[in-house]
Amino acid sequence: MPQITVVNQSGEESSVEASEGRTLMEVIRDSGFDELLALCGGCCSCATCHVHIDPAFMDKLPEMSEDENDLLDSSDHRNEYSRLSCQIPVTGALEGIKVTIAQED
């Protein structure tokens, strides 16, 4: 199981184990981070699972879909490392990744 570091909106870091085959959204939400709302449950329709990805891991992620890109455009906190965590499957390649929960819009 890959270890990931989740940084909450206050800047506090926590290390959690992530089961492969799940999404980052599921792992973060199920690890007790209530500030990751994930209102749509992972259907890529709300952008409430917005995170900032460690730049060193951006090339290990699947390409961003047009739908994900459009949803992120609505965020005031979007940056070049923004992704929707519901669109990122956990794989062994994510071992050691740091994911920061974006501030709410």
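A Cβ is built for glycine as well, from the same backbone N, Cα and C atoms used for every other residue.
Positions annotated as [2Fe-2S] cluster binding site by Swiss-Prot, on the basis of similarity to another entry: Cys40, Cys46, Cys49, Cys86. The domain '2Fe-2S ferredoxin-type' annotation in Swiss-Prot covers 2-105.
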Inset, instruction - Count up the helix, strand and coil residues in the domain '2Fe-2S ferredoxin-type' (2-105) according to DSSP, in that order. - result: 26 helix, 23 strand, 55 coil
Inset, instruction - Rank the binding-site residues Cys46, Cys49 by the number of other Cβ atoms within 10 Å of each Cβ, and give the residue at the low end. - result: Cys46
Inset, instruction - Please work out which residue of Cys40, Cys86 has the most C-beta neighbours within 10 angstroms of its C-beta, and give that one of the binding-site residues. - result: Cys86
Inset, instruction - Specify all same-chain residues, apart from the site residues Cys40, Cys46, Cys49, Cys86, whose Cβ lies within 8 angstroms of the center of the Cβ atoms of the [2Fe-2S] cluster site, ordered by sequence. - result: Met25, Leu37, Ala38, Leu39, Gly41, Gly42, Cys43, Cys44, Ser45, Ala47, Thr48, Leu84, Ser85
